[in-house]
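This report refers to the structure that appears directly beneath it.
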Amino acid sequence: MQLPSFLDVYRGLISTSSISSSDPSWDQGNQAVIEKLSDWFSALGFDVDVTEVEPGKYNLLAQKGQGEGGLLLAGHSDTVPFDQGRWSFDPHQLTEKDNKFYGLGTADMKGFFAFIYEAAKRMDWKGQNKPLYVLATCDEETTMLGARHFSAHTPFKPDYCIIGEPTSLVPVRGHKGHVANVVRVTGKSGHSSDPSLGVNAIEIMHEVLFALMQLRDTLIKQYHNPGFAIPSPTLNLGHIHGGDSANRICGCCELHYDVRPLPGISLDGLDNLLRGALKEVEAKWPGRIEIVPLHEPIPGYECQHDHPFIHGIEDLCGTPSQTVNYCTEAPFLQQLCPTLVLGPGSIDQAHQPDEFLAFDFIDPTIDVLSKAMRKYCF
């Protein structure tokens, strides 16, 4: 049987929609793309296991070789939705133009599996003494369901892991976490001519905002990591809505905010800080303030700066590692083994109309992956 080419695999990945979204009208599941990956890696001699994590949501683990340790190459099989009407090309067809691949998932990050496939296809596996694993997860763009499930249930313990998010082939050794909450204030509506008739939720929210701003200052003073461009945790007030009319006492007000904690700040500790900041306001207004997570929190992540794995990958790439402010599945896979984020394409193209990956990344990415396989599986 003739094996598909790099371009065949790339086209197949992009043409197989696998959008995940908290909006049910967009959410599709990833079964079709997982089935294609299963066929392709099985044809290369990998042992493939597919796990249904939730209905319609699948993880794939492909294994080449036996033994302890080895290398895990990981990525997510889902994409974000796309902005209808704002793309110059069909987002679900791979378009080659101006020395770039255009399409949804070209950079973030289904296309990475085509690079793994091509590197594995070219590899001479004689002398392999440690396994190579390929992990394709579900729902990274929403809940990180696939990575959470894999790290909690896999019996395998690779020596090292590379996640192929778009980093322009610069190794990433750490990133901040992400916590997003809703604060809901329930007041009591009434006619604005007599404030005593109600409880104004906006006025209570004003006290909540003051407490959160004090917490933001505390986080900046107490936590600092010079390895990050923004060296302290950030707290952002992202969305607020309250009331419905100028002549009514506001009965409900809702705030969405997020915090991006540094590595080393525990999620439980951060939650205690957040709730402690609002303790006085809640005591003043019992039963009127509710805090609800927008999604499962994601911890910060950092691979130990002087770890030999970092130095090894820096040598392969010819560039020093760095830290970033966006999130990946690394905090969960790091629970299994030292983990770095390294992949083709730029994060600047992620989640954008006309997402693309430049042809300039093709040969260097295959080369780096081939060298990593050779270094950690032979």
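For all residues, glycine too, the Cβ spot is worked out from N, Cα and C.
Per Swiss-Prot, the features are:
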BINDING   H76, D108, E165  Zn(2+) 1 binding site
ACT_SITE  D78  active site
BINDING   D108, E141, H351  Zn(2+) 2 binding site
ACT_SITE  E140  active site
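A Cα-Cα distance of 8 Å separates H351 (Zn(2+) 2 binding site) from D108 (Zn(2+) 1 binding site).
Geometry remark: E165 (Zn(2+) 1 binding site) versus D78 (active site), CA distance 12 Å. A C-beta separation below 8 Å, combined with a sequence spacing of at least six in one chain, links E141 (Zn(2+) 2 binding site) to S20, S21, H76, D78, T79, V80. Distance from the CA of D108 (Zn(2+) 1 binding site) to the CA of E140 (active site) is 11 Å. Applying an 8 A CB threshold to same-chain residues 6+ apart, the list for D108 (Zn(2+) 1 binding site) reads T79, V80, E165, P166, G345, I347, Q349, A350, H351, E355. In the three-state DSSP assignment, the secondary structure recorded for H76 (Zn(2+) 1 binding site) is strand. Highlighted in sequence order, T79, V80, M109, A350 have their Cβ within 8 Å of the centre of the Cβ atoms of D108, E141, H351, the residues recorded for Zn(2+) 2, and are not part of that set. For the binding-site residues H76, H351, the ranking by surrounding Cβ atoms (within 10 Å, all protein chains) places H76 first.
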